[in-house]
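Q: Sharing the feature lines straight out of Swiss-Prot:
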type: BINDING; residues: G71, L76, A121, E122, R139; note: S-adenosyl-L-methionine binding site
type: REGION; residues: 204-225; note: region 'Disordered'
Amino acid sequence: MKHVAPPPTAEAVFGDRLPLAQRYAEFLATAGVERGLIGPRETDRIWDRHILNSAALGESVESGDRIADIGSGAGLPGIPLALARPDVHVTLIEPMQRRCEFLTEVVDALGVAVIVVRGRAENPAVRREVGEMDVVTSRAVGSLDKLATWSMGILREGGRMLALKGARAEAEIEENRRVLARAGAVDVRVLRCGADYLNPPATVVEARRATPSNGRGRPGRSSRR
């Protein structure tokens with residue numbers, strides 16, 4: 001495998017799991033490129049742009065959280081998050097078979113307790129399989145309106161969506177206020193994560209699934225008991 005050296009800051013993020021993060025970086029730089037999951041030009045910035053950017057979500061989750069990473073692709077952000085926060089439970093949801101095969105190979109090789117589920121987050125069968133989650137993460141999967149609809153569908157009441165976004169995050173929120181509200185998303189805001197080791201920090205859109213006390217319950221259902 002191609003060796004991709006981590007930056008000095010990576011040790012503070014991954015601790016004694018840094019060797020596992022290094023091995024994952026090597027997977028991305030070799031099999032990930034060969035299978036079209038990572039562009040060949042991305043290998044020189046795998047750590048900052050992909051792994052550390054994803055691990056930055058660890059600042060915004062709580063111990064014991066059940067986390068679904070939707071449209072996981074090459075395992076971003078789910079695998080770095082699981083490595084940085086071994087006290088959470090991560091499920092990777094990915095519709096494409098070849099990507100699921102890659103994810104399963106990586107998870108098995110790293111020996112981490114991460115579940116891989118093939119399917120789409122909006123599929124009722126997938127929702128039944130994974131159950132209601134505390135947190136739903138995503139990265140480069142779709143527009144904010146779609147992400148909110150998919151995420152709210154598998155979140156428990158009060159659960160949170162954490163969507164890694166770019167410079168237009170605030171504008172996306174404003175453009176999609178009505179759709180977000182219809183999806184049952186409340187308390188929508190932008191977070192900056194990883195400021196101690198990323199320049200610029202990761203931009204994350206956070207939203208909560210409404211509860212009967214602060215808005216609508218599950219989208220499409222009455223919140224009355």
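Every residue, even glycine, has its Cβ placed from backbone N, Cα and C.
On this model, are these features tucked inside or out on the surface, and what's nearby?
A: DSSP assigns R139 (S-adenosyl-L-methionine binding site) to a strand. For R139 (S-adenosyl-L-methionine binding site), applying a Cβ distance below 8 Å and a minimum sequence separation of six or more within one chain yields S54, G71, G73, L76, P77, A163, L164.
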Q: Validating a neighbour-count step here. Other CB atoms within 10 A of the CB of G71 (S-adenosyl-L-methionine binding site): how many?
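A: The answer is 23.
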Q: Cβ distance under 8 Å to A121 (S-adenosyl-L-methionine binding site), same chain, sequence separation 6 or more: which residues?
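A: Listed in sequence order: A68, I70, G71, I93, R127, V136, W150, S151, G153, I154.
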Q: Mind telling me which of the binding-site residues L76, E122 has the densest Cβ neighbourhood, counting other Cβ atoms within 10 Å?
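A: Going through L76, E122 one by one, the largest Cβ count within 10 Å is at L76.
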